[in-house]
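*Asks:* Below is a structure I'd like to ask you about.
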C-alpha cells in the first residue's frame with residue numbers, strides 16, 4: 001500500500017474507491033507490528049480500530065462521514081479516552097482505566113478520526129528523550145540507536161515511521177516540537193488555552209498544551225481547527241473564535257518582519273549543521289523580500305530556571321493525587337498511612353518525576369517560596385512583556401527548534417541539566433503562552449542523516465499567520 | 001471546690017480572654033464547589049461523586065456561580081467589602097479524604113473582607129445585657145473534604161467522598177471576642193443570618209455549620225496578644241461556650257502555676273467538658289499555597305453584584321421592621337416571630353392564606369397570638385424544629401378564618417387545633433363539624449336553652465331583676481354548658497338580656 005504522507009492523499013484514494021478505511025487500518029496495524037522495536041505504542045486497539053474503520057467506511061458510503069473520515073491517529077498516553085487505559089508512562093497508574101473522554105479527543109472522534117492506539121511518552125510528559133517511561137524508551141526511526149526526543153516521543157515516531165497518519169501529543173516545554181524536530185515531522189503547540197485541557201493529564205497546568213503532530217502543516221491545521229475552541233469543562237480555555245487554520249495553510253504570504261533569535265545562530269551550543277540550515281532559511285526569506293533581523297531576548301538566561309521552578313511547583317501539586325488511595329498503584333508493603341504514601345509514590349514514580357516533585361515541593365515551601373516561586377512568576381511576567389514589545393515590531397520569531405539533532409540513547413541520562421539545556425528554544429513559547437510550530441529543515445551530515453527542525457513563533461491566537469508563514473518556508 | 005471559688009474568681013478578674021472564631025458553613029447549593037455532582041447531605045457512600053470529585057487525572061475544576069453568590073450574600077449582609085477578582089489557591093497536604101492532595105481555598109484576597117455582626121450579650125459578672133459588634137476579618141470560599149470512617153472493627157479506614165467538594169464559606173472574626181457568652185451570641189446570630197439568607201441550614205450536629213475557637217489570655221489592660229490555642233470538634237453552640245470557658249480556665253491555671261502555654265490545637269471532649277492537645281505532627285503543616293493554575297479567576301462584575309443584591313432575601317432586621325410596620329404587630333410579637341426565619345416565614349404564609357375579606361390588623365394580631373401561643377407551645381412540647389411543624393400555614397389560616405367569621409368560638413378553636421395536629425388531611429371546618437364544634441347561632445334553639453336555664457334558677461332571676469346584673473355571666477355560662485360549648489356566647493348574651501327584660 002502507498003505510504004500516505006498527507007490526509008489529502010488518503011481522501012483522494014478513499015473517494016476514488018481505491019482504498020477503504022478498513023484497509024488503511026490493517027496497513028497501519030501491520031506497520032506497527034513490523035516496527036515494534038521502536039516501542040511506539042503502549043497499547044494497540046487492534047479490534048476496536050478495525051470496527052471503527054468499518055463504521056467510517058459505511059458512513060463514507062452513505063455520505064454521513066465527518067471531516068476526519070480516514071484519518072488514523074494515535075494518542076499520547078496522557079489523553080483521557082473513556083474505557084481505555086491511561087498510564088502517562090507511569091507505574092503509578094497501573095491498571096487505571098479512563099472514565100471519561102477529554103474534549104479534544106471527543107471532538108476528533110465526533111469527526112470520525114480512527115484511534116489506533118496509545119503512544120509511549122516520558123512519564124507524566126517529563127523528559128526530552130522519551131527515556132523516562134515505565135514502558136521503556138522509544139527509538140528514533142531515522143536511527144534506532146538514537147532518542148526520538150520527548151516527551152511526545154512515541155507520537156512523533158509514529159508519524160515519522162508511518163504507523164499512523166497523525167498523533168496528538170502534549171507540549172509543556174517543547175514536548176511536541178522537540179520530538180517533531182528530532183523525527184523530521186511537523187509539530188504544533190498552539191496558544192495556551194486554545195485547546196481545552198479537559199482530559200489531559202496535568203504536568204504543569206499553566207504551561208500544558210495539547211498539540212498535533214503530522215507530516216504536513218495542512219494536517220496539523222485541520223486537527224487544530226477541530227480540537228480548538230471554548231469548552232465548558234475548562235475555565236482557562238479561551239473564548240476567542242477559532243481561526244480558519246486549514247485555509248491559512250494555502251494563503252499567500254505578505255511581506256513580513258521576521259526576527260530571529262541571535263543565540264539560535266551564534267551560540268556555541270548550536271550544532272554547525274543546524275546553524276547552517278537555519279541560516280539558509282533566513283537567506284531564503286531575505287531573498288523573498290522579507291525584512292529579517294537578529295534579536296536578543298534579555299531574559300533568555302533566566303528562561304530555563306523560570307520554567308523549571310514554575311513547572312515543578314505546579315507538578316508537585318498536580319501529582320499529589322497519585323497517592324495509592326483511590327486508584328492506580330499501591331505498594332503491597334504498606335503498613336500504615338504514611339508508609340502507603342511513601343512507598344506507593346516512591347515505587348510508582350520514576351526518578352525524573354520524583355526529582356521534579358521534590359524540586360517543586362522545595363520551591364513552594366514557606367522558607368523558599370518568595371526566593372523561587374514568587375520571583376519566577378515575576379520573571380514570567382517580564383518575559384511576557386518583553387515578547388509583547390518584540391511582537392509590536394515583528395510578525396514572527398524564528399530559531400532552530402533544538403540546538404542539537406537526536407542524541408544517542410543513554411547519552412544524557414546521567415546529566416539532567418545537559419538534557420534540560422536542549423529545551424532552551426522551545427521553552428520560551430510555553431513560558432509566555434505563545435503558539436509555535438516546528439517544521440522539518442533538512443538533515444545533518446550524520447550517517448544515517450538526522451532531521452533538523454526550524455521553529456516559528458507568533459503572538460497569541462495568531463496561529464493562522466504562523467501556519468501561513470511556515471507553509472511558505474517548506 | 002467551694003472553698004476555692006473566691007480565690008479563683010479573684011484570679012479570673014486579673015485576666016481577660018482574647019477569642020476569635022472560625023465558622024465553616026456548608027452552602028446549600030445544588031451542586032459542588034467545582035463540579036456538577038449533587039451537593040446533598042447523606043446518601044449511600046460515594047454516590048454523590050464524579051471524576052472531578054475523585055480527582056481523576058485530566059479533570060479540571062469549574063467554579064460554582066451559586067456558591068459565589070451565596071458567599072456574596074453573607075458578605076453584603078454583614079457589610080463586607082466584596083472582592084471582585086477572586087483567585088483560588090491550592091492548600092497542599094496529603095490525607096485520604098482529600099482526593100486531589102490539595103484543597104481549593106482562598107489564601108490571599110478572600111471574597112469578603114471585613115464586616116460586622118451586631119450582638120446582644122450578657123456581662124458575666126453583673127449579668128447585665130449590652131450591645132456590641134463582632135468584627136469580621138474576612139469570609140472566604142473553599143471546598144470541603146470527604147469523610148474517613150474508622151468503624152473500629154479492624155485496622156481499615158473507609159472513605160466516603162460524598163462530602164468532598166461541598167462548597168464552604170469560612171467566616172473568620174478578628175480576635176475581638178472577650179467572653180464565652182459573646183462567642184455563643186455571635187454564633188447564634190451567624191446561624192440566624194445564614195438561615196435567613198437561605199445559604200446554609202445551620203445544623204451543627206450534622207456538621208453543616210462548624211466552629212473552631214482560638215483562645216488566648218492576657219492580664220487585664222494589656223495590649224499584647226498571648227499564646228493562641230485553637231480548640232476544635234465543637235458540635236453545638238453550648239459546647240463552643242463550654243470550650244471557651246474551659247480553655248480560659250486551663251490557660252489561667254497553667255499561667256498561675258508558673259507554666260508556659262504552647263501554641264497548639266486541642267480537641268474538645270463534650271462528655272468531660274475538657275480539651276486535649278493534638279499531636280504536634282498534625283498541626284505543623286506547610287501548606288505550600290499557590291494560585292490554582294487550573295481555575296480562571298472568578299470576576300464579579302458590577303452587573304452580577306447588582307443581581308445578587310437584588311435577589312437578597314430579607315434580613316432579620318428588615319423582617320422585624322416589616323412585622324411592626326406592615327402587620328402592625330407589637331415589638332414583642334415581632335421580635336419573637338422573627339427570631340427564626342422558619343417561624344417568620346410561617347407567620348407570613350399564614351397571613352397570606354387568610355380569607356381576603358377578613359384581613360385586618362386584628363387578624364394579623366390573631367395570627368401572631370396563635371403562633372406565639374398554641375403553635376410555639378406545641379413546638380416546645382414536642383421539641384420539634386420550627387420548620388417541622390406539621391400543620392401547614394393554609395390550614396392554620398383556615399382555622400383562624402373560622403374564628404374570625406364566628407363559625408367556631410375561640411374555645412372550640414383550641415380543640416380544633418389539637419385535632420388538626422393528628423388529622424393533617426382533614427380541613428379545620430370538617431373537623432369542627434365532625435366534633436360538633438361549630439358555633440350554634442340558631443336563635444330559636446338557643447332561646448329554648450335560655451328559657452330552660454332561667455326556669456331552673458328562679459331565685460337568681462329574681463335577684464337579677466332587683467339589680468344584681470353581674471349574674472348575667474352565670475346565666476350565659478349555664479347556657480354554654482347546656483350547648484356543650486357550641487353556642488355563640490355573644491348571641492347567648494343578647495338572648496339572656498332580652499329574655500330577662
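Every residue number used here counts from 1 along the chain in the order it is shown.
Glycine is treated like the rest: Cβ placed from N, Cα and C.
Summarising the annotation, TrEMBL assigns active site, charge relay system to A:76, A:151. Positions annotated as active site, acyl-ester intermediate by TrEMBL: A:175. What TrEMBL lists as domain 'Amidase' is A:24-467.
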*Asks:* At the level of the C-alpha atoms, what whole-angstrom distance separates residue A:151 (active site, charge relay system) and residue A:175 (active site, acyl-ester intermediate)?
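*Replies:* Cα to Cα, residue A:151 (active site, charge relay system) and residue A:175 (active site, acyl-ester intermediate) are separated by 5 Å.
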*Asks:* Do any residues at least six apart in sequence from residue A:76 (active site, charge relay system), in the same chain, have a Cβ closer than 8 Å to its Cβ, and if so which, in order?
*Replies:* A:118, A:119, A:121, A:125, A:152, A:154, A:155, A:167, A:168, A:169, A:170
*Asks:* Please report the three-state DSSP label of residue A:76 (active site, charge relay system).
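*Replies:* In three-state terms, residue A:76 (active site, charge relay system) counts as strand.
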*Asks:* How many neighbouring Cβ atoms, not counting its own, are there within 10 Å of the Cβ of residue A:151 (active site, charge relay system)?
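*Replies:* For residue A:151 (active site, charge relay system), the count of other Cβ atoms within 10 Å is 35.
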*Asks:* DSSP secondary structure for residue A:151 (active site, charge relay system), reduced to helix/strand/coil, please.
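*Replies:* Assignment for residue A:151 (active site, charge relay system) reads coil.
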*Asks:* Any same-chain residues 6+ apart from residue A:175 (active site, acyl-ester intermediate) with CB under 8 Å of its CB? Would you list them in sequence order, or say none?
*Replies:* A:121, A:122, A:125, A:128, A:150, A:151, A:152, A:169
*Asks:* Which of the three DSSP-derived classes (helix, strand, coil) applies to the residue listed as 'active site, acyl-ester intermediate'?
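*Replies:* Note: the residue listed as 'active site, acyl-ester intermediate' is coil by DSSP, not helix or strand.
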